[in-house]
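*Asks:* Here Swiss-Prot flags 52-67 as compositional bias 'Basic and acidic residues'. The disulfide bond annotation in Swiss-Prot covers Cys14-Cys47, Cys24-Cys37. Residues annotated as domain 'CHCH' in Swiss-Prot: 11-55. If you look up Swiss-Prot, you'll see 52-79 marked as region 'Disordered'. The annotation motif 'Cx9C motif 1' is assigned in Swiss-Prot to 14-24 on the grounds of sequence analysis. The motif 'Cx9C motif 2' annotation in Swiss-Prot covers 37-47.
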Amino acid sequence: MHPDLSSHLHTDECNVAINLLKKCHSENQFLKYFGQCNDFDREMRKCLKKEYEDRRAKSRARSEHMKQRLLNAEKQADN
């Protein structure tokens, strides 16, 4: 299962992949069940995974920054 595919939640690169997959599904109503759109799906999932990893790294960096600020504030309060 993948996340919400709303365009405002993803990068332009992923939106292109999402739109290609949706177009393939609409043009191939029955062949999509036999793997006609699998390449588009793989491309989309690869892009979504990259977005997820980028968000996760950014969140971790922000968390480390906030933790460091908290530790520095405690040290200054002790002095």
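Placed from the backbone N, Cα and C atoms, the Cβ positions cover glycine too.
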*Asks:* If you run through the motif 'Cx9C motif 1' (14-24) with DSSP, how many residues end up as helix, strand and coil?
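*Replies:* So the counts come to 11 helix, 0 strand, 0 coil.
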*Asks:* List the same-chain residues at least 6 positions away in sequence whose Cβ sits under 8 Å from the Cβ of Cys24 (disulfide bond), in sequence order, or say none.
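*Replies:* Lys32, Gln36, Cys37, Phe40 - these are the non-local Cβ neighbours of Cys24 (disulfide bond), listed in sequence order.
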*Asks:* So if I draw a 10 Å sphere around the Cβ of Cys47 (disulfide bond), how many other Cβ atoms end up inside it?
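*Replies:* Result for Cys47 (disulfide bond): 18 neighbouring Cβ atoms inside 10 Å.
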*Asks:* Tell me which residues of the chain lie with their Cβ under 8 angstroms from that of Cys14 (disulfide bond), as long as they are six or more apart in sequence?
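*Replies:* The list for Cys14 (disulfide bond) reads Met44, Cys47, Leu48, Glu51, given in order along the sequence.
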*Asks:* Neighbour count, 10 Å Cβ-Cβ cut-off, for Cys37 (disulfide bond): what number do you get?
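*Replies:* I count 21 other Cβ atoms within 10 Å of it.
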*Asks:* Check the domain 'CHCH' (11-55) for me and report the mean pLDDT.
*Replies:* 95
